[in-house]
Amino acid sequence: MSVIELKNINKYFGTGTSRVHVLSDVNFAADKGELILVVGPSGSGKSTFLTIAGGLQTPSSGKVIVEGQDVDQLTKKQRDKLRLNHVGFVLQSYALVPYLKVKEQLEFVRRVKRTGLLSSEDLQSLLAQLGIEDLVDKFPGQLSGGQTQRVAIARALYANPEIVLADEPTAALDSARVAEVGKLFKELAETRNKAVVVVTHDMRLAEFADKTYEILDGKLGLKQPAQETY
Amino acid sequence: MYLALKEIRHEKLRYSLITGMIVLITYLIFILSGLATGLAGENTQAIDSWNAKSVVLNRDANVNLSQSTITTDQIDNANLTKNQAVIGQSPVVVKSHDREKESAQFVGLKNNEYIAKDLSVANGRKARTSHEVVVDQQFKQDGYKLGDKVKFNSATTRYTIVGFTKNAKLNVAPVVYGSLSTWKDLRNMPGAKLAGSAIVSKTANFKSHNKELKTYSDSYFVSKLPGYAAQNTTFGFMIGFLMIISLVIIAVFLYILTIQALPTYAVLRAQGIPAATLVRTIISQSLILMALGIVIGTGLTLITANMIPFGVPISFNVPMLAMISVGLLLMGIIGAAIPARKIAVVDPVQVIGG
């Protein structure tokens, strides 16, 4: 069964003549064990797609099912709980709390979530895999863009969610690191049985994806190989 | 609390500035309330020491001890017991050879009535004759000694200081306790059958049984002391305004800090961190800052209290200071409510985009 499903999703912004149809009859499903890329040009509705999939905003019409739960039927608190326990967000900017050291960013997750986190050994291996095991005593202000992004990934994965939603997770990384993150996401999907959905411009990740979707003018479709890159 | 402490520790300068403001406000409030209590005490110390529950004055005296005279005829039916004492009060200028003149309140007592009996003498002894007086400790501070001979106003009669008593101030002037016969001499009303200025009673329900006299409760009597209510109201307003200023300061600072940190809070909300956790963070921060400010402010107040000259009327009422501290903490919570609301309604989508 798919862990995340979007059924006939439409999303409009504005009213009257300024109304914009951002997502049009979007149908999407992700299963555990899959790494799915959603690509598209700026303003195509990628972030809207991601925030609706994560229950951060509601569609104008259609249904979002996460872990068998109709997100639209959940209260705000229940959606918070759903995200905290089942969905890991990896975001492009402002991802880290500026006054917490790397290890404290993880500690904060532990204090809020308390159960179902990665074990200490798994966390250590994750930090090593991301190449940030020596950065645990640094503040975000002391990290490069790439290091910041990797810490944000570690923080999302530490909560051990079934679904990982990532918004441009490799925007600040060089090609070697992109490949590492791609491999990590792939491994995460396969070995840890997660559904990983990555919204990105970065086609360097395509080689790791099981499926690549494309959003164009609000419509989502499977991207055929050898198409143009963004 | 975790985030609150971490942020304060990381942003030391920023939070030191806010704490500094709270320290100054707390210090100012404590010193002002100390002065208010001290001044209020100097109005009522003597009255408080009498443990009065009610005071009988001449009905036409407008609740003013200085304006009240009671004749012997008026108290004929009063049935005075061991719980009542007749006092005669008169403002005097105390003069002594080679000493500064001192403005004081003369209070005449009967040696066999409770106020004279209960009078606590810190140095020396109680007066035994009408030519002996017990005076407030302030006279000692001003150089007067036991055995000094003093005169009152323009009178030529000399009185000997035989004792010093603590906390004997009335209308912000030191009290001279003497005899009722001396008071009668000071009033200089020959032929008048004066009994005193007032009857002070340790019981609340004392009746004088004379329609020319009226019984007032101690609290009402005190509230009508000249300038007392106006002075306390002024201090009350100053303290109230300072509380409001502390509220504004904490609200403005936390609001600015919250607005700056809103994108971070939005991301945390996106990750499912409950709004309540973040709201608790901002309220904890406010409480920590207020508590820190209050503790340091209290320390500064204690240092000041120990250094302040004797003549400055300052006195600390611990329960009142505790209430002010609780009030300041409440101001902190209210001040944090506005930024807390901002956090509670933050929309992660605005930060993420889409």
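Every residue number used here counts from 1 along the chain in the order it is shown.
Every residue, even glycine, has its Cβ placed from backbone N, Cα and C.
Keep in mind that this is a model prediction, so the values were computed, not measured.
Sequence annotations record features per position, and here TrEMBL assigns domain 'ABC3 transporter permease C-terminal' to B:237-344. Secondary structure counts, DSSP: the domain 'ABC3 transporter permease C-terminal' (B:237-344) has 94 helix, 0 strand, 14 coil.
If you look up TrEMBL, you'll see B:21-41 (among others) marked as transmembrane segment.
Cβ atoms under 8 Å from those of the transmembrane segment (B:235-257) belong to residues 14, 18, 21-22, 25-26, 28-29, 32-33, 35-36, 39, 282, 285-286, 289-290, 324, 327-328, 331-332, 334-336, 338-339, 342 of the same chain, restricted to positions at least 6 beyond its ends. For B:235-257 (among others), the entry in TrEMBL reads transmembrane segment.
With a threshold of 8 Å between CB atoms, the same-chain residues lying at least 6 positions outside the transmembrane segment (B:287-308) that come near it are 4-5, 8, 15, 18-19, 21-27, 29-31, 34, 246, 250, 314, 316, 321, 325, 328-329, 331-333, 336. The annotation transmembrane segment is assigned in TrEMBL to B:287-308 (among others).
When Cβ-Cβ distances below 8 Å are used as the criterion, the transmembrane segment (B:320-338) is approached by residues 22, 25-26, 29-30, 33, 37, 239, 243-244, 246-251, 254-255, 282-283, 285-287, 289-291, 293-294, 298 of the same chain, each at least six residues removed from its ends. According to TrEMBL, the transmembrane segment annotation covers B:320-338 (among others).
Mean model confidence of the domain 'ABC3 transporter permease C-terminal' (B:237-344) amounts to 87 (pLDDT, 0 to 100 scale).
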